[in-house]
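One structure below.
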Amino acid sequence: MIPRTARTVLGLFTVAVLASACSLSGGDTGGSASSEQQEPTLTLVTHDSFVVPQEVLDAFHRQSGITLKILKSGDAGALTNKLVLTKGNPIGDVAYGVDNTFASRALGEGVFQSYTSPEADRGPQRYAVDTQHRLSAVDVGDVCVNVDTGYFAAKGIPAPTSYDELAEPQYKDLMVAESPATASPGLAFLLGTIAKYGENGWQDYWNRLKANGLKIDSGWEEAYTKDFSGSSGKGPRPIVVSYASSPAAELGEDGKPRTKALLDTCFRQVEYAGVLTGSKHVPEAQKVVDFLLSQQFQTTVAANMYVYPTRTGVELPAGWANAAPLPTASATMPADKIQAGREKWIGAWRSLMGA
Amino acid sequence: MALAHGSLRPARTAGLTLLGLLPVAFLVVFFAWPVVAIVGRGFSAGGVDTVLGDPQTWRLAGFTLGSAAASTVVALVAGLPVAFLLARVRLPGIGLARTIVLIPFVLPTVVVGLAFRALWPDGGVLPLVLANAFFNVAVVARTVSGLWAHLDPRAAEAARALGASPWRAFRTVTLPALAPAVASAAAVVFLFCATSFGVVLILGGGSYRTLETEIYLRTVDLLDLSGAAALSLLQFAAVVAALALGAMARRRRESAVRLRAAQVTARRPQGGQWYVVTAAMVVLGLLLTPIVALLVESVSTPDGWSFAGYRALAGTGANGALQVTGWVAVQNSLAAATDATLLAMAIGVIASVVLVVLRRSPGLLARGAGETMDAALMLPLGVSAVTVGFGYLVTLDALPGDLRTSPMLVPLAQALVIIPLVVRMILPVLRAIDERLRQAAATLGASPLRVWREVDLPLVARSLVAAAGFGFVVALGEFGATSFLARPDAPTLPVAVATLMGRPGELNNQMAYAACALLMLVTVAAVVLIDRFGSAGEF
């Protein structure tokens with residue numbers, strides 16, 4: 001009796017499985033082998049923050065015949081590690097979003113193959129990270145301390161301008177930052193302080209910040225949207241670690257920004273793209289890298305991803321010149337030095353801050 | 001006609017084995033193999049023993065288990081009155097309560113985390129425990145009410161007639177009958193809490209860490225696979241222990257109880273029952289608070305009230321923050337959740353049927369197989385989603401069609417999370433069906449199919465619909481497993497919310513909250529539809 005029952009159930013649910021398989025396979029838009037001969041579909045593996053207007057992708061398709069499939073894969077760290085894990089048989093053809101804090105790991109593992117784009121000499125080369133030209137710089141973004149200018153105007157005290165001032169008593173309990181262990185702006189800020197104070201001095205600086213009531217959050221969302229007073233959350237703290245471009249998103253009624261980035265506290269993050277070792281469409285994948293460095297794509301990065309183009313002569317959106325100029329004197333650090341020190345520094349930071 | 005009085009003929013055993021292999025095969029391919037592969041890499045890299053020898057590791061484990069246990073207790077205390085309300089009370093608005101209780105379950109963790117942060121700005125253990133419980137009241141309420149609605153109230157009434165107080169009647173008659181469902185719910189909630197990620201990250205403030213957040217950190221950020229493997233091993237051991245405890249609790253208390261059609265047992269509350277109803281109302285009110293808060297947030301701007309966030313959903317957001325419109329994200333969510341639910345129901349129902357048969361069979365071997373399978377089905381809830389996700393990366397390219405980048409991956413991963421819930425909701429009801437009902441029907445000349453249709457199906461139908469609805473809702477809100485997977489650029493609503501939350505700007509923030517409101521709305525619509533469909537099938 002029972003098995004018969006079971007058979008009925010099995011029958012019913014085989015139908016269900018088949019139905020679900022149909023609708024599942026219906027969602028697969030990957031081209032078949034025959035159509036790929038003429039119209040290749042390439043996969044661009046990137047991070048979660050990737051945004052590009054559809055019309056730009058469509059235009060690229062018209063020009064090159066290449067259909068680009070976007071595969072978002074976590075943040076820069078997760079993306080890099082996924083590429084490392086799948087290096088024998090990559091999940092795509094091109095990757096974009098590995099940044100200078102993770103570049104060495106990817107290069108050391110042989111994730112990317114050499115390619116020098118003809119577009120690279122229009123500016124991107126300034127940020128070259130590797131002599132074999134396996135990575136091309138697509139965008140730069142600066143992590144800087146942001147302040148709520150309205151708060152300091154109302155209190156009648158000047159806003160801080162430098163690392164050292166952040167540790168001064170008049171700014172006690174006013175600052176919030178992200179943990180370098182769990183958030184990439186947090187890591188960039190830590191690297192900025194190491195670049196500034198050196199291997200022997202940064203821990204002392206962080207001790208001063210801690211004594212001055214620095215609050216640590218695990219992610220940018222909590223710090224910026226809940227604790228920072230200059231954003232939508234109207235939190236209690238007027239100083240936050242965010243990006244040089246953040247003020248462009250905080251324009252008041254009068255079109256003027258309500259927040260400001262402190263240009264002497266910036267650390268530069270550069271995001272790279274490259275052709276993945278093991279791609280089955282190398283010539284087309286190289287065209288995708290060209291596309292990412294092209295005027296057409298570079299014009300979209302500021303408005304869509306809040307980062308700056310690496311190509312020279314690309315216009316920034318209206319308002320950025322005032323609200324979010326690209327800092328000129330950002331700190332930076334060689335990728336291999338970051339790779340060598342990252343885990344040690346994060347470990348030391350965790351025991352220092354008790355986090 | 002020959003009745004299978006608990007004995008199985010060889011042919012039937014073979015059929016059953018084949019049937020049982022289906023869920024087992026699914027688990028092996030989409031769970032065990034990826035997990036073993038990625039943990040194995042950590043082991044081959046060495047250093048696992050160093051991590052296990054570190055006292056820090058054991059503090060992490062202690063905090064993980066302790067806080068998960070606390071959240072489970074809170075969820076049980078809050079969920080049982082609501083289960084009573086849903087199962088036994090006939091009052092206007094119960095349908096609404098049934099819906100409200102489900103909403104927290106689909107809210108994106110980042111939103112709930114931030115909502116609790118607004119109440120407890122400094123984070124800490126208390127908001128962490130409460131937030132995890134907040135998500136899981138629905139599990140308790142839905143799982144327990146599923147069985148409770150079918151319990152014959154006459155046993156408790158008899159106890160009352162013999163002079164027992166209402167509390168004593170509940171404690172000695174009703175509670176033992178409910179025990180399997182309560183234990184099931186507790187096990188599920190514990191596993192959800194022990195492996196919760198986003199909540200711990202946001203509310204733990206970086207200083208409270210769990211095995212799950214540490215596994216994530218070491219896998220995703222540090223690529224310290226051997227450290228992650230050691231912690232995964234520890235988490236696995238804890239989960240197996242929790243499952244064993246849950247199974248023991250179920251076994252001790254489980255018995256066939258008399259099941260009745262649900263509508264007969266619901267009635268207006270009397271006397272002391274009003275206290276329970278009031279308690280349930282308080283719980284519902286507390287669950288609504290963050291929900292209302294985020295609705296308010298979705299329409300408030302520095303310049304007053306505005307529906308700009310909602311209007312923006314028709315497009316792709318400020319500066320094209322999203323790649324598709326909010327409405328397309330809704331469609332993506334619905335499609336993925338439908339696929340995941342169909343898959344999970346197919347696997348889950350087959351597994352439940354097989355488990356019941358194995359349990360009723362006399363052989364020790366069969367029963368042992370049943371117990372093992374039962375526990376194995378729960379394991380996906382207790383293993384870190386990042387472990388499974390990274391495991392997919394190193395294994396699934398070996399399958400035809402390189403599933404690593406297939407759109408199927410999201411429904412598959414979601415199904416892995418839903419299957420245990422489906423099993424836990426259907427199994428208690430299936431097991432509680434009195435074998436004598438079946439035998440009586442068969443004696444009166446009913447064919448096996450007719451017995452299933454007349455006896456089993458009516459009693460299980462509501463639970464099937466409830467499980468499907470619950471599974472669907474869980475899939476709608478699922479973010480953890482989904483977000484770790486290589487997925488196409490077809491964001492689901494929770495993914496869209498997370499994207500919007502990660503960008504500065506007033507409008508993006510409002511839009512994120514508006515997308516949350518939309519997610520709630522879709523949930524409510526789905527639940528109302530399914531509940532209506534479910535009661536239409538009632539007799």
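Glycine is treated like the rest: Cβ placed from N, Cα and C.
For B:61-244 (among others), the entry in TrEMBL reads domain 'ABC transmembrane type-1'.
For B:330-530 (among others), the entry in TrEMBL reads domain 'ABC transmembrane type-1'.
Sequence-distant contacts of the transmembrane segment (B:16-40), counting only residues of its own chain at least 6 positions beyond either end whose CB sits under 8 Å from a CB of the stretch, comprise 8, 225, 229, 232-233, 347-348, 350-351, 353-354, 357-358, 369, 373, 376-377, 379-380, 383, 387-388, 390-392, 394-396, 399, 412-413, 416, 419. For B:16-40 (among others), the entry in TrEMBL reads transmembrane segment.
The transmembrane segment annotation in TrEMBL covers B:60-87 (among others). Among residues of the same chain six or more beyond the transmembrane segment (B:60-87), those with a C-beta under 8 A of the stretch's C-beta atoms are 94, 97-98, 101, 125, 128-130, 132-133, 136-146, 148-149, 182, 185-186, 189-190, 193-194, 208-212, 214, 231, 234-235, 238, 262, 265-266, 273, 276-277, 279-281, 283-284, 286.
What TrEMBL lists as transmembrane segment is B:99-120 (among others). With a cut-off of 8 Å between Cβ atoms, the residues of this chain six or more beyond the transmembrane segment (B:99-120) that come close are 82, 86, 126-127, 130-131, 134-139, 141-142, 196-199, 201-203, 284, 287-288, 290-291, 293-294, 470, 473-474, 476-477, 479-480, 494, 497-498, 501, 512-513, 516, 519-520, 523-524, 527-528, 531.
Marked as transmembrane segment by TrEMBL: B:126-151 (among others).
Here TrEMBL flags B:172-205 (among others) as transmembrane segment.
Beyond its flanks by at least six residues, the transmembrane segment (B:225-249) meets 35, 38-43, 45-49, 51-52, 57, 60-61, 64-65, 179, 183-184, 186-187, 190-191, 194-195, 211-212, 214-215, 218-219, 371, 374-375, 378-379, 381-384, 387 of its own chain at Cβ-Cβ distances under 8 Å. Here TrEMBL flags B:225-249 (among others) as transmembrane segment.
For the transmembrane segment (B:274-296), the list of distant contacts is 78-79, 81-82, 84-85, 89, 91, 97, 100-101, 103-104, 107, 111-112, 115-116, 118, 134, 137, 513, 516-517, 520: same-chain residues at least six beyond its ends, Cβ to Cβ under 8 Å. Here TrEMBL flags B:274-296 (among others) as transmembrane segment.
Outside the transmembrane segment (B:340-358), and at least 6 residues removed from its termini, the chain residues within Cβ reach (under 8 Å) are 8, 16, 19-20, 22-23, 26, 366-367, 369-370, 373-374, 377, 410-412, 414-415, 418-419, 421-423, 426-427, 430-431, 464, 467-468, 471-472, 475, 478. Residues or ranges marked as transmembrane segment in TrEMBL: B:340-358 (among others).
Sequence annotations record features per position, and here TrEMBL assigns transmembrane segment to B:378-396 (among others). Long-range contacts of the transmembrane segment (B:378-396) within the same chain: residues 27, 31, 33-39, 41, 187-188, 191-192, 194-195, 197, 211-212, 215-216, 219-220, 228, 232, 235-236, 238-240, 242-243, 402-404, 409, 413, 416-417, 419-420, 423-424, 480-481, 484-486, each at least 6 residues beyond the stretch ends and with a Cβ under 8 Å from a Cβ of the stretch.
Summarising the annotation, TrEMBL assigns transmembrane segment to B:408-430 (among others). Same-chain neighbours of the transmembrane segment (B:408-430): 23, 30-31, 139, 142-143, 146-147, 150, 180-181, 184-185, 187-188, 191, 259, 336-337, 339-341, 343-345, 347-349, 351-353, 355-356, 374, 377-378, 380-381, 385, 388-389, 392, 396, 456, 459-460, 463-464, 466-468, 470-471, 474-475, 478, 481-482, 485-487, 492, counting only residues six or more beyond its ends whose CB sits under 8 Å from a CB of the stretch.
Only residues 6 or more beyond the boundaries of the transmembrane segment (B:459-477), in the same chain, are considered here, and those with a CB under 8 A from a CB of the stretch are 102, 105-108, 138, 142, 146, 149-150, 259, 261-262, 333-334, 336-338, 340-341, 344-345, 348-349, 411, 414-415, 417-418, 421-422, 425-426, 429-430, 433, 492-494, 519, 522-523, 526-527, 530-531, 533-535, 537-538. If you look up TrEMBL, you'll see B:459-477 (among others) marked as transmembrane segment.
Per TrEMBL, transmembrane segment is recorded for B:511-530 (among others). Tertiary proximity for the transmembrane segment (B:511-530) is limited to same-chain residues at least six positions away from its ends with a CB under 8 Å from its CB atoms, namely 95, 98-99, 102-103, 106-108, 111, 291, 294-295, 297-298, 309-310, 312-313, 317-318, 321, 326, 329-330, 333-334, 465, 468-469, 472-473, 476-477, 493-494, 496-497, 500-501.
Same-chain neighbours of the transmembrane segment (B:126-151): 67-68, 70-72, 74-76, 78-80, 82-84, 86-88, 101-102, 104-105, 107, 109, 112-113, 116-117, 119-120, 174, 177-178, 180-182, 184-186, 188-189, 192-193, 196, 199-200, 203-204, 208, 257-262, 265-266, 283, 287, 290, 421, 424-425, 428-429, 432, 459, 462-463, 466-467, 470, counting only residues six or more beyond its ends whose CB sits under 8 Å from a CB of the stretch. Within the same chain, residues 64-65, 67-69, 71-72, 75-76, 79-80, 109-110, 112-114, 116-117, 120, 122-124, 127-128, 131-133, 135-136, 139-140, 143-144, 146-148, 151, 155-156, 159, 164, 211-213, 216, 235, 238-239, 242-243, 246, 249-250, 252-255, 257, 378, 381-385, 420-421, 424-425, 427-428, 431-432, 479-480 sit at least 6 positions outside the transmembrane segment (B:172-205) and bring their C-beta atoms closer than 8 Å to a C-beta of that stretch.
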